[in-house]
Amino acid sequence: MKIDGYTRMAAVVANPIKHSLSPFIHNLAFDLTDENGVYLAWEVESKKLAAIVENVRNLDMYGLNISMPYKGEIIKFMDELSPAAELIGAVNTVVNHSGKIIGHNTDGIGFFNSLKKYDFKIENKQMLVLGGGGAAIALIAQAALSGAKKIVVAARKSASYDPLNEKLAKLSAKTGVEIFLTDLSGADRLQKELNQTDLLVNATSVGMDGASFPLEKSLLLPDRLLVVDAIYKVRETPFLRWAKEQGAQTENGLGMLIGQAAESFYLWTGKEMPVDKITLEMEREV
């Protein structure tokens, strides 16, 4: 890596963040594309966010990636939001557009871009998502923006269930796409929806331990189904093994991780990230 007077910076901002794989991904991408840039990890307190964003402008940085817990809080410091970021209510990518600071969310578009190798497009298709956290909302919003026919969200009954239902109703009203919530423990209803589903996604952390399972194992999967687990630190979760045993195409969360990074990289540099080469390196790293 060459560092000189022309080198531009990007960084990921969160707390904690020193464990992040983002510097590995982006610095490798800078090298492979001959882009004179460097990517760092900044672990900062909430009170420093305004100054960090101002540094993007003052230091002519490419921009930032934003991770938890700041994806929502960073919004108030943006000059403008992309349609996806506005709909999701979270920013994971900050772009310096000639001094104008624009907040984007690349989680959803990165996820669906990672499925192109299966010739899969969400337009006019049905998706079933397990979980209703931040990752799930990003995928749901992007699916709606991309013309999904129907989106079913399955979550366990808890204190967050009714607020999630309200959030999904608002997303549905804003996009005109049918989005509804169902109880994850309702096996009969889930089976009915699965029979019509084209894409099944686990957007929970269940399975991160390599043993736990997010839904009833008695459920039967349709032949044409594509099944994705957002978890990437476990190469093949029990959920993916179960789906593969039923004949489904399966994908772990590494594609989503690299896909969202690739979209950020493009927004900053105008260059395509060499995803295939970086995926090979990441498979050795993870």
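Every residue, even glycine, has its Cβ placed from backbone N, Cα and C.
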Same-site NADP(+) binder from Ala159, Ala169, Ala230, given that Swiss-Prot records Gly131, Gly132, Gly133, Gly134, Ala135, Gly253: Ala230
Shikimate binding, same site as Ser20, Leu21, Ser22, Asn92, Asp107, Tyr232 - Swiss-Prot member from Ser46, Ser67, Ser205: Ser67
Proximal but sequence-remote residues of the same chain as Lys71 (active site, proton acceptor) (Cβ under 8 Å, at least 6 apart): Ala90, Val91, Asn92, Gly134
Least Cβ-crowded entry, counting other Cβ within 10 Å, from the binding-site residues listed as Gly132, Gly133, Gly253: Gly133
